[in-house]
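Visitor: I'd like to ask you about the structure that follows.
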Amino acid sequence: MQSGFQPPALNCPLFPRCLACPPVCGKDAVVHICPSVGWLLCIAGTVGVAAVTAGPGVTNTVTAVKNAQMAESPVLLIGGAAATLQKGRGALQDIEQLCLFKPLCKFCASVRTVRDIVPTLRRAIAAAQFGTPGPVFVEFPIDVLYPYYLVEKELSFKETPRGLLGGVINCWELTTVPPPRPQALPSLCTDPWPCQALMVLPICVQVQQCVELVSRAKKPVMLLGSQVTLPPTPVEKLREALEALGIPCFLGGMARGMLGRDSPLHIRQNRREVLKEADLVILAGTVCDFRLSYGCVLSRRSIVIAINRDRAQMLRNSDVFWKPRVAIQGDAGSFLLSLSQGLKSYSPPQDWATSLKDGDQRKEKANREKSKEPTEQHLNPLKLLHHVDNLLPENSLLVLDGGDFVGSAAYIVRPWGPLRWLDPGAFGTLGVGGGFALGAKLCRPDSEVWILYGDGSLGYSIMEFDTFVRHKTPVIALVGNDACWSQISREQVPLLGSNVACGLAYVDYHLVAEGLGGKGFLLSRQDEACMDNIVQAAQEACREGHPTLINALIGRTSFREGSISV
């Protein structure tokens, strides 16, 4: 995010070696780019880096940083700060910034001298990657970044100071911003932080205990969360391990797509019923928070094995609603690999896996039937999502940003493979779409990047179409436009009998995209017969280099009725 703080930072010798990201319209969007970069590159030693100006530039990123914390994304946020001598003197954008981020970040620091820049950044990057990944924050007072002669001029440095105060100022300046040495800066920037995997690995005794428990199970099931995609285990090897185990899996977060689109092991429906029936449950990077009803969905008769990098997350609500037989603090992917090696001769009961897949297919058939039901007005959103799912190419990558419409998409739209699904995670932040998609397209320029938006969430990042256009970053945005905050209305109206503050308008979002230089398409009930043609036209426009938005006017269905996330 460009400002007076960035020029010296972005023009250092190190920057050309980074994955350069174009300046965006929203300061929160620049941080939302980082998780997608960190997850999609998925290389040990890789973090997403964002740079913002001091004061409001920093405070505008708080929500995005909290989202990165809860999504366990390695992010380095670099913020500007008032000059060191001007701290507390009413300088422009001079606020106490570290106190804002200490509750959110694994590491916070303020660089006070030039010699501290590299060591501080190395400590920050190591903290972002160690154990459970997360955000870190480093602030740079502006006098630490600019060339010596500019600082000397701005602070009125005098070669022969008068009085004690002048001498102190000169002494401070020479200590903090020493005179330039042409050979010094390259030496600081040519020794980058070495790539290395930093995590706690499961110990052999614990793995062997789990091997014995799984081998005796008649109805085992696994729940995989985003952590399984983290280094050091490549997702391709993890997929092979899961297929060798043959245990039915539910996939969540970035783990969606891990088994492809049509794997017999991937179960997408009836999770609550399956967990009540299972006799062994493996929670691999999955947390018993609101998404699993705080652990209430687990049967007290089931043997539960929990594996997580974060001990607090691993044992969330275990003292109330559930209790693990084995709890392992370590890397979930490495654990599953070791488990597969220990169960080479294991063959799970086929009737269990078959019954789950049969139930899955019956539920999906019922969903397809529901997609054929007419709505009072506009398109049935389930029908729209089924059509889009059928038209997604193998190189597609999905970004999810919304409430009710995105919640429906999670049941219907299938990513083609691992690391092809980006959602905000447990915090449920609206507005991640523009930043996530920009990062995704930069990391995977050959992918067809889709953003599935609710019309409420679109308002947070629609201006990033200007960024997409300026920097020739073609993506496709599909907006489920029902003129309502439906996720809220769905629970508010039955409980309180009022739709107050939930109503929006059927805005011409496709015209907004065109006004920013992109291509816009309107999809309404009148276009239902040629729905595929319009979606394919949008895909063709994207392949030609145009950022594209499909404004789909949708009605309301009873799908997900009663779903309240609190």
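Every residue gets a Cβ built from N, Cα and C, even glycine.
Quantities reported herein were computed from a predicted structural model and do not represent experimental measurements.
Look at TrEMBL and you will find 44-97 tagged as domain 'Thiamine pyrophosphate enzyme N-terminal TPP-binding'. Residues or ranges marked as domain 'Thiamine pyrophosphate enzyme central' by TrEMBL: 207-337. Feature annotation from TrEMBL assigns region 'Disordered' to 347-376. TrEMBL lists 357-376 with the feature compositional bias 'Basic and acidic residues'. TrEMBL lists 401-551 with the feature domain 'Thiamine pyrophosphate enzyme TPP-binding'.
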Visitor: Quick check on the domain 'Thiamine pyrophosphate enzyme N-terminal TPP-binding' (44-97): DSSP residue counts for helix, strand, coil, in that order please.
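Guide: Taking each residue of the domain 'Thiamine pyrophosphate enzyme N-terminal TPP-binding' (44-97) in turn, the totals are 16 helix, 12 strand, 26 coil.
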Visitor: On average, what pLDDT score does this prediction assign to the domain 'Thiamine pyrophosphate enzyme N-terminal TPP-binding' (44-97)?
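Guide: Summing pLDDT over the domain 'Thiamine pyrophosphate enzyme N-terminal TPP-binding' (44-97) and dividing by its length gives 86.
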Visitor: Using DSSP, break the region 'Disordered' (347-376) down into helix, strand and coil residues and give each count.
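Guide: Output for the region 'Disordered' (347-376) reads 22 helix, 0 strand, 8 coil.
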Visitor: According to DSSP, how is the domain 'Thiamine pyrophosphate enzyme central' (207-337) divided among helix, strand and coil residues?
Guide: 51 helix, 24 strand, 56 coil
